[in-house]
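Peer 1: Let me give you the structure first, and then I'll get to my questions.
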Amino acid sequence: MAYFSSRLPIALLLIGISGFVCKQYVTVFYGIPAWRNATVPLICATTNRDTWGTVQCLPDNGDYTEIRLNITEAFDAWDNTVTQQAVDDVWRLFETSIKPCVKLTPLCVAMNCSKTETNPGNASSTTTTKPTTTSRGLKTINETDPCIKNDSCTGLGEEEIMQCNFSMTGLRRDELKQYKDTWYSEDLECNNTRKYTSRCYIRTCNTTIIQESCDKHYWDSLRFRYCAPPGFFLLRCNDTNYSGFMPNCSKVVASSCTRMMETQSSTWFGFNGTRAENRTYIYWHEKDNRTIISLNTYYNLSIHCKRPGNKTVVPIRTVSGLLFHSQPINKRPRQAWCWFKGNWTEAIKEVKRTIIKHPRYKGGAKNITSVKLVSEHGKGSDPETTYMWTNCRGEFLYCNMTWFLNWVENKTNTTRRNYAPCHIRQIINTWHKVGKNIYLPPREGELSCNSTVTSLIANINSDNSTTNISVSAEVSELYRLELGDYKLVEITPIGFAPTDVRRYSSVKPRNKRGVMVLGFLGFLAMAGSAMGATSLTLSAQSRTLLAGIVQQQQQPVDVVKRQQELLRLTVWGTKNLQARVTAIEKYLKDQAQLNSWGCAFRQVCHTTVPWPNETLTPNWNNMTWQQWEKQVHFLDANITALLEEAQIQQEKNMYELQKINSWDVFGNWFDLTSWIKYIHLGLYIVAGLVVLRIVVYIVQMLARLRKGYRPVFSSPPSYTQQIPIRKDRGQPANEETEEGGGNDGDYRSWPWQIEYIHFLLRQLRNLLIWLYNGCRTLLLKTFQILHQISTNLQPLRLPVAYLQYGISWFQEALRAAARATGETLASAGETLWEALRRAARAIIAIPRRIRQGLELTLL
């Protein structure tokens, strides 16, 4: 027990020393390759040179590279700011292109309408349109079929148009006027009141404010890409198994811009996509059945739509300031239609096989026949879901896909065609928000458009026996496929980590490592490296970061200068201009934050703040900065507050230290501010002496009271008994003075002021003597101690010298022995090697000697 008691203080001492030595402090690193998810606006870039493209986007220079990163990152195509911005921006471009602007609420009146046919003499006659009968069976066409040119393929009819009459107030508000207008039958809701005429209204005119386009605009496809603003960058999952959601994508690349993509706006299918490959793959939502299927490019799938016939558009002025457009009927227009080219049946079979192999749908799909492509729509469904909706040269086509579905599903006893009849509507449901727009009647002349089919929008419902691929009207899903493998992140170059180095302590200098001058993405090349290796290059990385940010923001600045006039009045132009200052604002914000911690313009900044969580320590050899930041992000607020408090205290200490340092300059003693301080000091000394006098007086009065003695008739302050002074012998008694003052008595005393001065001098003398004796005693004791230590160390000098000499001699002997041993081993090795070589040569020569002996014998 005594043994442990004697060792306990030593153990406690060692624990205390180890705790002091191993204490961790917060170290601030600037320029680390770390990031966090961001939601800032992206910049649009395009190669289109038409007015629409140049007004909406910046010119694309095509100089964008990708860098492979050795990291793991999570990606989600549906929870993604890049895809959401694409949907919003394309809708904005869509509205800008076709822009409905005239309210048509006044046209919500009853109209008398009739289905109309015309003869060549323009004498219209009202008849009932007979439905077109279509024979059942298979009928496919190809590019050489003459019906394509003549628009006379089997089953295609004429567009149903209704001529309507209605009354409205014209320029005279109190007087009704008769108007005539022509509508597509699909845009009207009618009640059959007579045999040939109907009472009709515009569809949904009572539920929505409808607008008409001011002018007919083109909706041509626009190829564009997104670019990250300065200080941000894009990550892309480059894994071929990525299907819209992957929490751990290990094949990640970084870039400043996305790939080029097309502006798409259609239901059922995606056109001219950039993600199509020589395989079929599925993007699926993590929580529901929303999917988008990328179709195989091997089958060369395409769609060719056409609207035949000539049409004219004339204005109708209804009331003052309101102009509505109509089309006079010259001839019943032929029906618009779309032709599907390519090996569609095999493409759909491959889609089914892909679904069967997919791990999410294995439970329902047993074979290809159990997977069906269907169009599920109930009563009252939007026409964009019931029909395939697309935009062809500014016209909105609604195609009945029944023949097409029968063809690809190979349904017997049905009408199977590789083309679909379409009709054109003027009242359109908006695909991005709830609402309706009305557009001008179809443009004059023949319209046609061709597109490559690259994807299928669907909802996949699976049960125990079948799996249904239900086509969908979610236009936004197209951009999940195009940009779902990207994510926008913001660089966070400031990081915290614990080290055992405290501020202002001696630190071994770091070995400098040569770093190549890289661009902005080169800064991210170290993202997959260990923290220890990255910290060695922070100085160069921080310079690369700033230079890359400046270079990155210079690109939009240059292109903005080229198009300053066009960009002045556009929304996207304003967004692009705002992105210019993002980088500098971010850099200044980081430097201001570093300055508040006392780490301005430092790449590695040691502090005096203890590390708040000793259980969290980084693995400098195997952990990346991004992994470390994810572990300690919850400590950022606490560390930031501690660093700010430490910096405030440090500034106070530095201020006090500077005040002390100013005393050693002799000229500062004669400064005006110094004299003011001296005056203050003098006033304090006088006040102190007064207080000291009062205290001494009180103390002495108390002391005399304790002795029971006090001068009776002494004038205060009288500290001693009055000194008796005898009368002069030569002075006459009772001699009156010149003034008749009489005798002044036999005794008198010195004035009390002189006695007080004597007392004060005695006190001061005693104080100085005490200070002198104390200092002299302290110096003598110190000298005696030092002399004693020196005397005690004197005998040790000779043994220490002998010991040093012995150590040096021993080292020299070891070196000599090592040299001798090396030489001996080398000589022995050479001798052994030579002996082995000779023995080997002798063994090898045995067959030759035998042969030579035999030859001699035979000779």
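Yeah, the Cβs are placed from backbone N, Cα and C, and that goes for glycine too.
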Peer 1: From the list CYS249, CYS257, which cysteine is recorded by Swiss-Prot as disulfide-linked to CYS237?
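Peer 2: Answer per Swiss-Prot: CYS249.
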Peer 1: For the region 'V4' entry in Swiss-Prot, name the matching range from 63-86, 207-230, 399-422.
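Peer 2: Feature region 'V4' in Swiss-Prot: residues 399-422.
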Peer 1: According to Swiss-Prot, CYS164 takes part in a disulfide bond; indicate which of CYS101, CYS108, CYS113 is its partner.
Peer 2: CYS113
Peer 1: Quick one: Swiss-Prot says CYS57 makes a disulfide with which of CYS22, CYS44?
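Peer 2: The record-listed partner cysteine is CYS44.
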Peer 1: I'd like to confirm something. Which of the glycosylation sites, ASN112, ASN300, ASN400, has a Cα closest to the Cα of ASN165 (N-linked glycosylation site)?
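Peer 2: Of all the candidates listed, ASN112 is nearest in space.
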Peer 1: How many helix, strand and coil residues does the region 'V4' (399-422) contain under DSSP?
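Peer 2: Going through the region 'V4' (399-422) residue by residue, I get 8 helix, 8 strand, 8 coil.
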Peer 1: Quick check for the class: what is the C-alpha distance, in angstrom and rounded, between ASN468 (N-linked glycosylation site) and ASN400 (N-linked glycosylation site)?
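Peer 2: Between the alpha carbons of ASN468 (N-linked glycosylation site) and ASN400 (N-linked glycosylation site) there are 19 Å.
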Peer 1: Of all the glycosylation sites given, namely ASN37, ASN112, ASN142, ASN413, which is spatially nearest to ASN300 (N-linked glycosylation site) at the Cα level?
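Peer 2: In terms of Cα distance, ASN300 (N-linked glycosylation site) lies closest to ASN142.
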Peer 1: Cα distance, ASN450 (N-linked glycosylation site) to ASN413 (N-linked glycosylation site), nearest Å?
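Peer 2: Between the Cα atoms of ASN413 (N-linked glycosylation site) and ASN450 (N-linked glycosylation site), the distance comes to 31 Å.
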Peer 1: With an 8 Å cut-off on Cβ-Cβ distance and a minimum sequence separation of at least 6, pull the same-chain contacts of ASN400 (N-linked glycosylation site), or say none.
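Peer 2: Expected: TYR387, ALA420, PRO421, CYS422.
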Peer 1: In whole Å, how far is ASN142 (N-linked glycosylation site) from ASN37 (N-linked glycosylation site) when you measure between their Cα atoms?
Peer 2: 50
Peer 1: Quick check on the glycosylation sites ASN165, ASN468: which one has the highest count of other Cβ atoms within 10 Å of its Cβ?
Peer 2: ASN468
